[in-house]
Amino acid sequence: NGASFFFICLYMHIARGLYYGSYLYKETWNIGVGLFLLVMMTAFARHDLAWGQMSFWGAPVITNLFSAVLYKGDTLVQWIWGGFTVDNATLTRFFAFHFLLPFVVAGATILHLLFLHETGSNNPAGLNSDADKISFHPYFWYNDLLGFMIMLLALTALALFFPNLLGDPENFTPPNPLVTPPHMQPEWYFLFAYAILRSIPNKLWGVLALLFSILVLMIVPILHTSKHWGLTFRPVTQFLFWTLVAHMIILTWIGGMPVEHPYIG
């Protein structure tokens, strides 16, 4: 539940950056994209720590993506597994990854904030007028505090009263290496990536498509040609933005469907 709330905030933050034109702060934006990749790696390591049926069978599917690396791919996969198959050694390594990666995420977050404070944040109008600015305290302080309290209250209610609401029912089953789940899928925040991956039969091209679906965010500043930063006065770009949001929702929905016609490429 905590991971789900975290990714909800993360996706909203990325969408806000695209809508407000914050990607024009190139250093801050590119560090944020790298931070997004690190968070996804940390979340994947956490997903396997549950060690249920879905985690057990999902681990080899995702880790086998590294076998697409030329020449040393199979060796890299065996190193991650700690053997020739997913076993207790794999679980121990994922514990280590999940413990160490948050420190890297914290360092990247501090760097992200340092660059942000050099330039300041953007606004919906994309204008930088001192005449329109107001004091951070108390106006924004109370506004942010209210949003934080609402999110904390919702997370607390979810954790106390519905702790298993967002979990995969299949993952409450102990892992069985002899029985493959009939319908495998990752957590909802990875479904868009899973839909991209499974739509391409070739492993290497699938991995590249998955990687570039995130790294494409780095070329957004290069494609920006307008004098306006935000999308408030750019209706065509607004349409493209909401088209992107719709595509993400559709990919997430398709990723949760069985691997059968018409949900496969």
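Each Cβ is built from the backbone N, Cα and C atoms, and glycine gets one as well.
According to DSSP, the secondary structure content of the domain 'Cytochrome b/b6 N-terminal region profile' (1-125) in residues is 103 helix, 0 strand, 22 coil. For 1-125, the entry in TrEMBL reads domain 'Cytochrome b/b6 N-terminal region profile'.
If you look up TrEMBL, you'll see 28-45 (among others) marked as transmembrane segment.
If one looks beyond the transmembrane segment (54-71) by at least 6 residues along the same chain, the residues whose Cβ comes under 8 Å of a Cβ in the stretch are 44, 47-48, 77, 80-81, 85-86, 90, 94, 168, 170-171, 175-177, 180-181, 184-186, 197, 203-204, 206-207, 210. Taken from TrEMBL, the feature transmembrane segment covers 54-71 (among others).
What TrEMBL lists as transmembrane segment is 91-115 (among others). Nonlocal intrachain contacts for the transmembrane segment (91-115), taken as residues 6+ away from its ends with a CB within less than 8 angstroms of a stretch CB, comprise 25, 27-28, 31-32, 34-35, 38-39, 41-42, 45-46, 48-49, 51, 59, 80-82.
Under the heading domain 'Cytochrome b/b6 C-terminal region profile', TrEMBL lists 126-265. Counting residues of the domain 'Cytochrome b/b6 C-terminal region profile' (126-265) by DSSP class, helix then strand then coil, yields 86 helix, 0 strand, 54 coil.
Sequence annotations record features per position, and here TrEMBL assigns transmembrane segment to 145-166 (among others). The list of residues near the transmembrane segment (145-166) in space but at least 6 beyond its ends in sequence, with Cβ under 8 angstroms from a Cβ of it, reads 1-2, 4-5, 9, 172, 188.
With a cut-off of 8 Å between Cβ atoms, the residues of this chain six or more beyond the transmembrane segment (204-224) that come close are 14, 18, 21, 23-24, 26, 29-30, 33, 36-37, 40, 65, 68, 192-193, 196-198. What TrEMBL records for 204-224 (among others) is transmembrane segment.
Sequence annotations record features per position, and here TrEMBL assigns transmembrane segment to 236-256 (among others).
Across the domain 'Cytochrome b/b6 N-terminal region profile' (1-125), mean pLDDT in this model comes to 88.
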